[in-house]
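Engineer: Quick one: structure below, then a few questions.
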Amino acid sequence: MDATPGGQVPSAYNNTGGALPDWLNKGDNAWQMIAATLVGLQSVPGLVILYGSIVKKKWAVNSAFMAFYAFAAVLLCWVVWAYKMSFGEKLLPFWGKAGTVLSYKTLLSQADLPSTVVHHHDGSVETSAIMPLYPMATMVYFQFVFAAITLVLLAGSVLGRMNFRAWMLFVPLWLTFSYTVGAFSLWGGGFLFQWGVIDYSGGYVIHLSSGVAGFVAAYWVGPRLTKDRERFPPNNVLLMLAGAGLLWMGWAGFNGGDPYSANIDSSIAVINTNICAATSLLMWTSLDVLVFGKPSVIGAVQGMITGLVVITPAAGVVQGWAAIILGILSGSVPWFTMMVVHKRWWLLQSVDDTLGVFHTHAVAGFLGGSLVGLFAEPTLCNYFLSVTNEQGAFYGGVGGAQFGKQIAGAFFIVGWNVIITSIILVAIRIFMPLRMSEEDLLIGDDAVHGEEAYALWGDGEKYDITKHGTSELDDTMHGLSLGNASGTGARRLTVEL
């Protein structure tokens with residue numbers, strides 16, 4: 001710390017009691033904790049609200065609770081074993097050694113990603129290990145919220161029918177055997193990191209993996225009821241927009257926090273994120289108007305999400321004009337796969353992906369990861385990447401090789417998630433059903449949790465006089481039943497909304 005002209009250190013930086021070590025940068029630490037909290041707010045309450053409102057009323061509680069549960073479960077697993085599997089010492093080229101991060105000495109030491117040292121072919125050091133200027137506690141929390149939102153996004157594929165007890169087992173197992181592998185391979189110093197595959201903030205680690213794993217999970221769990229697949233209207237579109245807004249604004253922390261510092265690369269990542277999201281939303285809405293004649297609010301939210309996903313692997317390494325191009329593609333390619341390809345390909349038709357996570361995250365994540373191999377700007381790459389002298393194919397030189405690396409990295413993430421997700425779900429199926437019972441599927445939240453989102457009689461609930469008491473509706477129903485009496489007996493009138 002530089003002294004003042006009088007030779008004294010500013011009082012704000014006095015090392016009182018050891019709480020301000022020499023390596024601590026207050027600005028970086030403050031921004032990293034804010035960024036982490038913004039990402040956390042994307043899940044809780046962002047996606048909790050979005051899921052609870054975008055589904056049919058009878059699944060509002062269950063859908064929101066799946067996200068809420070995942071957030072809590074991931075945190076405990078993260079600090080007990082999963083963080084070090086993702087960012088610790090190398091065990092295998094794609095996996096770190098498990099271990100806890102609960103000791104105060106560990107949490108208050110300088111953050112360190114020990115496996116991120118990059119060497120030249122002759123063995124000399126190309127770049128040193130990543131050591132941000134804040135404590136390990138900040139790094140652990142920051143990386144946790146990314147792990148948590150991955151499971152929350154995956155849940156979108158199996159809403160409206162997955163057995164909640166099976167979900168309780170699935171979350172820690174998938175975090176341990178799938179997420180940690182992608183995180184270590186691409187971010188923690190694993191083989192894809194060392195090879196130079198670019199994933200700025202999670203296009204592959206988070207979105208491609210959650211989209212593919214969600215699709216595979218939807219296959220193994222099985223479909224919703226036929227009537228739910230045919231008609232699944234949101235129960236609250238305005239509240240859905242509130243959740244979507246939290247998701248959008250939270251992405252400033254999602255992409256702005258990944259340089260691990262409050263630096264200029266963080267700034268360009270944030271502006272690129274918003275440029276791409278806005279462009280994508282407008283593109284998706286324009287296509288809805290041109291093809292279907294009406295602008296869809298749900299479609300606009302889908303376009304916003306695909307824009308945020310596509311820019312994620314590229315946010316800090318592309319120029320602003322490239323963010324617009326990525327926005328145009330993110331608002332059109334996933335739209336095409338969802339609205340056209342999905343209706344014509346038997347495989348997509350046979351798997352019930354409730355919220356279309358395959359299109360909004362797997363397709364968009366693969367698209368963004370591929371495009372960074374074309375548009376990555378050399379100077380920006382050197383600001384951020386540990387492997388030096390990387391650039392997109394449009395900048396010549398080694399750029400063509402970079403595009404190939406991006407495709408290969410995507411194939412690894414896809415293959416690993418297909419295999420591991422299948423193994424996990426088949427194993428869980430031995431001990432309990434993956435899908436709810438038919439009776440629970442008919443009723444929804446009241447059967448599964450004994451709770452309902454709204455104090456109204458509605459979707460999926462069969463009217464029970466002993467439960468609801470008498471009312472004018474009871475008298476009306478009784479009159480209708482008597483009025484429909486036949487000579488051989490009264491026909492009972494069953495009402496189900």
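Residue 1 is the first one shown; counting continues down the chain.
Glycine residues also receive a Cβ, built from the backbone N, Cα and C atoms like all the rest.
Automatic, uncurated: that is what TrEMBL annotation is.
Annotated domain 'Ammonium transporter AmtB-like' per TrEMBL: 30-454, in sequence order. Taken from TrEMBL, the feature transmembrane segment applies to 30-52, 64-83, 140-159, 166-192, 204-222, 234-254, 266-285, 297-315, 321-342, 354-376, 407-428.
Could you give the neighbours, burial and distances for every feature on this list?
Structural biologist: Same-chain neighbours of the transmembrane segment (30-52): 60-61, 63-64, 66-68, 70-71, 132, 134, 138-139, 141-142, 144-146, 148-149, 152-153, 155-156, 159, 239-240, 242-244, 246-247, 249-254, 256-257, 260-262, 266, 301, 355, 453, counting only residues six or more beyond its ends whose CB sits under 8 Å from a CB of the stretch.
Sequence-distant neighbours of the transmembrane segment (64-83) (same chain, 6+ residues past either end, Cβ-Cβ under 8 Å): 40, 43-44, 47-49, 51-52, 98-102, 140, 143-144, 147-148, 151-152, 155, 159, 162, 164, 167-168, 171-172, 175-176, 179-180, 449, 453.
Within the chain, the transmembrane segment (140-159) has long-range Cβ neighbours (under 8 A, six or more residues past its boundaries) at 32-33, 35-37, 39-40, 42-43, 47, 51, 55, 59, 62-63, 66-67, 70-71, 73-75, 78-79, 82-83, 86-87, 101, 107, 167, 171, 174-175, 179, 183, 202, 205-207, 209-211, 213-215, 217-218, 221, 254, 257, 353-355, 357-358, 361.
Remote same-chain residues near the transmembrane segment (166-192) are listed as 66, 69-70, 73-74, 77-78, 81-82, 85-88, 90, 93-96, 113-117, 129, 143, 146-147, 150-151, 154-155, 158, 199, 204-205, 209, 213, 217, 221, 409, 412-413, 416-417, 420-421, 423-425, 427-429, 431-434 (criterion: CB distance under 8 Å, separation of at least six residues from the stretch ends).
Here the transmembrane segment (234-254) has Cβ contacts under 8 Å with residues 34-39, 41-42, 45-57, 60, 146, 201-202, 270, 273-274, 277, 297-298, 301, 304-305, 308, 312, 453-454, 459 of the same chain, all six or more residues outside its ends.
When Cβ-Cβ distances below 8 Å are used as the criterion, the transmembrane segment (321-342) is approached by residues 271-273, 275-284, 286-287, 291, 299, 302-303, 306-307, 309-311, 314-315, 348-349, 356, 359-360, 363-364, 367-368, 371, 375, 377 of the same chain, each at least six residues removed from its ends.
Same-chain residues lying 6+ beyond the ends of the transmembrane segment (407-428) with a Cβ under 8 Å from its Cβ atoms: 166, 169-170, 173-174, 177-178, 181-182, 185-186, 192, 195, 197, 199, 204-205, 208-209, 212-213, 216-217, 220-221, 366, 369-370, 373, 434.
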Engineer: Determine whether the transmembrane segment (354-376) and the transmembrane segment (266-285) share at least three Cβ pairs under 8 Å, counting only pairs 6 or more apart in sequence.
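Structural biologist: Answer no, regions not in contact.
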